[in-house]
Each structure stands twice: as structure tokens, then as C-alpha cells.
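Everything on this sheet refers to the single structure shown next.
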Amino acid sequence: MQNMFSFLSNKKIIALFLIIGTIFMPLSSEAYPIFAQQNYASPREATGRIVCANCHLAKKPVDIEVPQAVLPDTVFEAVVKIPYDTQVQQVLGNGKKGPLNVGAVLILPEGFKLAPQDRIPEEMKSKISNLYFQPYNAANENILVIGPIPGDKNREIVFPILSPDPAKDKGTYFIKYPISVGANRGRGQVYPDGSKSNNTVYNASVSGTITDIIKEKKAYKISIETKDGTVVDTVPVGPELIVAKGDTVVTGQPITDNPNVGGFGQMDTEVVLQNPVRIKWLIAFLILSTLGQVFLVLKKKQFERVQIAESNF
């Protein structure tokens, strides 16, 4: 119960910071896990796609490394790798350029969860540093999220995972389990409400001739003359205009470049929850097999000596 209240308190604090940031700073469409948490009961759609792809439209690679097999009730590492060029900068919410952030969601089998601090080995703690992981929600301790965090120092994220013990955890078995990961680098192109961020390409809403372009503090106002009148398209600062006054455009034609340098990727892997009794039997079998081969060799040599001795007579 105490852990539950602690978890809820953490979520309230995060939500409070997000509200304050939304009021006093421009919405940045970063890798805030709370966006997915507030809009989706599960981070994975029925199609298998992770919902983060709804906001991060570009596809980028991601990799995950886990042990081939783990023993019950043990702590192991799940290493998520998010490769990208650290020299590249992204468009921030205010239109300026800045470093990329990263975020990730790790979907574990039921029963697997974030390892408690007192169970994490010191060597693993040094790899985790001060990173903060949290469950996707109170009902899904097996789904972990992190981000946004600075990407230049966190292109590899080590998740400390505690495996279940089938002897104590009902519904878990000594079998092979799937693990899924989704990770992004950089800001998203779409907000959860469907509106665009300033980290994507903008298109002309109508066909016509551009009669005026006014640059304001936070946006461009582009006047397009049509046969039915003038339509003004608003483009936030960030993407660069690729049209000029006097140009003719058609509906859907790009009027800016695509400033996005990031993207999202997902990957699946597997881990075996190994029964320690099977390992003991396997070791015993290997020992017996080895001893059997040794005895066979000794018996063969003994037989050869007897044969040689008989031949001498």
C-alpha cells in the first residue's frame, strides 16, 4: 500500500510539472511518457504497434540486449540502445535548435518488473546512475517507461529487471517469454490531440498564389489568394519556409522543409525463465556422460593391453 501511494505521489508531481511547463513554456512534444499514459490504457495496440509511433512518425532503429536465459527471482539487465548522431540538433518548442532527448518504453512479460533498489548490484547501479524509471500505470508493473532524458549521455539505457519466481508468483512458468521495446530520439511531430508540433513539415491548405508572408515572433502568416478569397496559413517557427511571395501552390504542397531529425523504433526479443532444477539435472547428466566416456576409454585401453598380452604368448 505504501508503494502504491508513493507511485501515485510521483505521478502527481510529474503531472504538476507538466501543467506548469505547459502554462509558462511552449508545448514541446517531447518524449513525455505521461502523454501515452494519459491517452492509452496500454502502450501496445492490437496490431502490435507501440502507441509512441502515433506522435513520432519517422522510423529509426532501436536495439535491446537481454540474457538468453535468467533464473527465477534474480536481477538482470535489459540494455536498450538508441543510436543517433549526437552532432545533429533538433528544433525545440521555441523554434531554436538544441540537443535531442530520448525516451523508451519496455514491455516485459507479466511477473517481470523493475528491480527494487536494495536488490540492484552496485555494478549495475553505476550503469543506471540517476535515471528514473516508472511503471506505465499501477496495474502494469511489467511495463516500464523513461524519458525525456538527455540523449547525448543516454544512447544506452540499462533497465534493472527482477524476474519472477513461479513457486511464489502465480501465472508465471518456466518458459520462453517475449519482450518488446519502443524508443525514440528527438521530439514528436504530432501531439496526442492530433495537432502538429513545430517539428514537422507544413503543407498549403489551399491552392492559389502566395501574396504575402509576415514573420511574427512565434509564427509565419502566409496569405494565399484563391478564386474564393484570401486564406492565411500559420506556420510556427522551427521549420524553414521553402516558398516565397508570388509562388503558386496547390493543396497539400509542402511550404516548409521537414526539420525532424529524430524518430521512433520498436523491437521484439525473448528471454527464457530457466528452472534451476533443470540446470542441476543437466549438470548431473553432463558429469555422468563425461564419466561414462572416461570409463569407456579406460576399458578400451585395458582391453587393448589384454589383447597385446595374449598375442605375446
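Backbone N, Cα and C atoms are what each Cβ position is placed from, and that goes for glycine too.
As recorded in Swiss-Prot, the features of this protein are as follows:
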type	residues	note
BINDING	TYR32, CYS52, CYS55, HIS56	heme binding site
SIGNAL	1-31	signal peptide
TRANSMEM	279-298	transmembrane segment
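CYS52 (heme binding site) falls within a helix when secondary structure is assigned with DSSP. Using a 10 Å Cβ-Cβ cutoff, CYS52 (heme binding site) registers 25 neighbours. Comparing Cβ neighbour counts within 10 Å across the binding-site residues CYS55, HIS56, the minimum falls on CYS55.
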